[in-house]
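Report on the structure given below.
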Amino acid sequence: MTQQRPPLEIRLCGPRGFCAGVDRAIQIVVLALKKYGAPVYVRHEIVHNRYVVEGLQARGAIFVEELDEIPAAHRNQPVVFSAHGVPKSVPADAEAKNLFYLDATCPLVSKVHKQAMRHQRLGRHVILIGHSGHPEVIGTMGQLPDGAVTLIETVEDAHTCHFDDEDNLGFVTQTTLSVDDTAGIIKELQARFPNLAAPAAESICYATTNRQDAVRAAAPGCDLFLIVGAPNSSNSKRLVEVAEKAGARMSMLVQRAEDIEWEQIGDISVVGLSAGASAPEIIVDEIIDAFKARFDVKIELAETTVETENFLVNREIRDVELTVKDMAFVNGEHRVVGISKLMQGK
């Protein structure tokens with residue numbers, strides 16, 4: 001006699017997973033491999049997700065941390081800069097080495113770079129709200145001369161920082177931060193420095209905000225909230241924090257279904273599920289299947305908005321057709337519409 005499986009409601013958040021910037025970055029590597037052949041070099045992880053990196057490695061991408069790691073014999077092969085952005089010194093170094101590069105920096109990160117440079121042009125010292133050591137922060141700070149940017153990570157930092165000219169300050173933020181935590185830091189800075197100039201547009205990206213809003217709406221009443229993402233993914237870790245603050249009894253970050261500690265979970269009847277902006281939909285499917293093997297699952301879509309954004313790839317590779325099959329290693333059978341939209345605006 002087959003044992004009856006306990007009932008389980010999965011609140012599947014929407015939006016979740018890949019944002020337009022991550023989609024674009026992965027597509028740039030895939031299209032470069034199709035056009036130029038392997039190897040294609042990628043400086044730093046193209047996005048912070050092990051599954052994506054390994055999938056691209058299997059297709060011929062080689063990941064390096066510095067351009068000096070590219071062998072002289074392969075200097076005619078393209079190198080792709082990651083979605084997080086790079087300091088100005090990196091493309092300058094590539095040009096000095098006569099390397100052909102494709103910049104996969106997310107357009108919204110590039111917007112933050114421009115905001116920081118605008119502050120400086122107007123004579124302001126730049127305050128960057130972000131996490132020390134994150135590639136995006138390194139890239140943003142590297143747009144300006146040494147000493148032109150001060151990094152603020154916490155409300156305490158905002159409370160204790162000092163500047164020579166407190167009347168000429170401007171701030172920008174890392175795109176993947178918690179909206180709530182950032183608001184507290186900005187409030188403290190504005191209280192101390194009334195003339196603090198804000199960026200012309202919001203720095204935190206739409207996808208970060210949308211994913212946090214969806215998790216915040218779904219979390220109340222959840223016994224467990226799972227976020228699919230990598231330990232070094234800033235936006236994924238923020239989603240775990242949002243779920244806890246919004247009322248989930250327990251929340252955790254997992255990279256694959258095999259990471260779920262079933263014994264630790266205990267008795268559950270409602271599970272929230274979302275994915276960071278660099279986590280592929282195929283892993284979400286994998287986790288749902290793992291629950292279906294143990295529970296009688298009912299899926300409820302917890303959708304707060306629908307995203308329609310798409311970013312064009314670099315002009316040099318727009319002549320290459322991108323197919324559903326090309327992206328199946330991360331998308332499975334999902335999100336095929338974005339591929340047809342990608343080639344618009346050649």
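Glycine is no exception: its Cβ is also placed from the backbone N, Cα and C atoms.
Among the candidates CYS13, CYS19, the residue that Swiss-Prot names alongside CYS106, CYS205 for the [4Fe-4S] cluster site is CYS19. Taking the Cβ of THR175 ((2E)-4-hydroxy-3-methylbut-2-enyl diphosphate binding site) as reference, residues of its chain lying under 8 Å away and at least six apart in sequence are, in sequence order, CYS106, LEU108, VAL109, VAL112, GLU136, SER203, ILE204, CYS205, THR208. Cβ neighbours within 10 Å of CYS205 ([4Fe-4S] cluster binding site), excluding its own Cβ and spanning all shown chains: 26. The local packing around GLU136 (active site, proton donor), expressed as other Cβ atoms within 10 Å of its Cβ over all shown chains, amounts to 25.
The CA atom of CYS19 ([4Fe-4S] cluster binding site) is located 7 Å away from the CA atom of SER278 (isopentenyl diphosphate binding site).
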